[in-house]
Amino acid sequence: MKLITNKQGLVGEITVPGDKSMSHRSIMFGAIAEGKTVIRHFLRADDCLGTIKAFKALGVKIEETDEEIIVHGTGSDGLKQAEGPLDIGNSGTTIRLMMGILAGRDFDTVILGDESIAKRPMNRVMLPLQEMGAKMHGKDGSEFAPISIIGNQSLKRMEYHMPVASAQVKSAIIFAALQAEGETIIHEKEKTRDHTEHMIRQFGGEIEMDGLTIRVKGGQKFIGQEMTVPGDVSSAAFFIVAGLITPGSEIELTHVGLNPTRTGIFDVVEQMGGSLVVKDSSRSTGKLAGTVVVKSSELKGTEIGGDIIPRLIDEIPVIALLATQAEGTTIIKDAAELKVKETNRIDAVANELNKMGADITPTEDGLIIRGKTPLHAANVTSYGDHRIGMMLQIAALLVEDGDVELDRAEAVSVSYPTFFEDIRSLLK
């Protein structure tokens, strides 16, 4: 696919699609709640539609209209055995959280996905769930999908110190803990996104959060809700960076989710001297949302690492692009988790941006980016990773000497089906 190149800047207002993490979880909690859940501004992208498909296969009635998704909950014990394997496509969130949701059911399940999912590590979820009494294994006894879950296992409480900072692992344990006897205690390594915890409370459940320690009791009942999903800050990040690095730009992003566990990119933009203002903030779905305004800016390099990394892990590819347009060196460290995303994002970012003229060195746990560098025409690939594909489209906006051809552009539909249309709507 030939990407959009434009040196004239981007001007206008857009509303980014609903938050991907919250869209997944709204279906999951709606399914195990009693009564009806109505979800507005749901992310209708491949990953989240895969979650809907999986719960329909488990006997949950889900209606889809133009404006909303309506989930008719089965209650905490009402899921039914699927007729065949659950195919969750490309969604790491779906497979890992479903492992927790299905760990204590009275039926067997097989969960599989695409070739990317088949390469992603699952022991980080499987081992703590097995410690709770779940029986599950990967293909041929490995940790890789397809994952087979054996039913009719009683789950017991656990105190668990997480070895990695992962909201997916934490959420899988929480979902399993809801089916276990007693109180499960989870100690996080670093603070990660907390949508699951907040949604438990929103659906009428109880959970204690004290710093890095979470306590959740089993046997809880949930009540269906009406909710509006705020815009995904990870999707907004591409337009934030586009507005900062394309000369003459000013972009307003409305109804963006402002959960503090997700807004690390705002802190980085401030460190680098970028113009980013948040206004009109309000509560939506129990979460803060607001309008984010960005303008083209002169940027300087910075160092990014430590406990901010879980707050911006999905934004690192586009932050790396931002750093190519900053004066000086930017160092990103403590981000080895990038190696086990849809692709090895450390290598993918360095390989593809270097093709375009960037000066980036990959490291074991991050990137060293030397700026400021002009970007040039090239043939690039997304590696089938939606965030790499969208980052490369933003990079292409700076190219003046020819075309940028993107291979595997279809990956973008995993999280943002209207991405290219929204870019075009902002062209001067």
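Quick reminder: no glycine exception, Cβ is built from N, Cα and C everywhere.
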Residue in Gly50, Gly92, Gly141 which Swiss-Prot records at the phosphoenolpyruvate site where Lys20, Arg120, Gln168, Arg345, Arg387 also bind: Gly92
Neighbour-count leader, CB within 10 A, binding-site residues: Ser21, Ser166, Gln168: Ser21
Cα proximity to Arg120 (phosphoenolpyruvate binding site), best match among recorded positions Ser21, Arg25, Ser166, Asp314, Lys341: Lys341
Cβ neighbour count (within 10 Å, all chains shown) around Arg120 (phosphoenolpyruvate binding site): 18
Least surrounded among the binding-site residues, given as Lys20, Lys341, Arg345, Arg387, when other CB atoms within 10 Å are counted: Lys341
Of Arg25, Gly92, Asp314 (the recorded positions), the residue whose Cβ has the fewest other Cβ atoms within 10 Å: Gly92
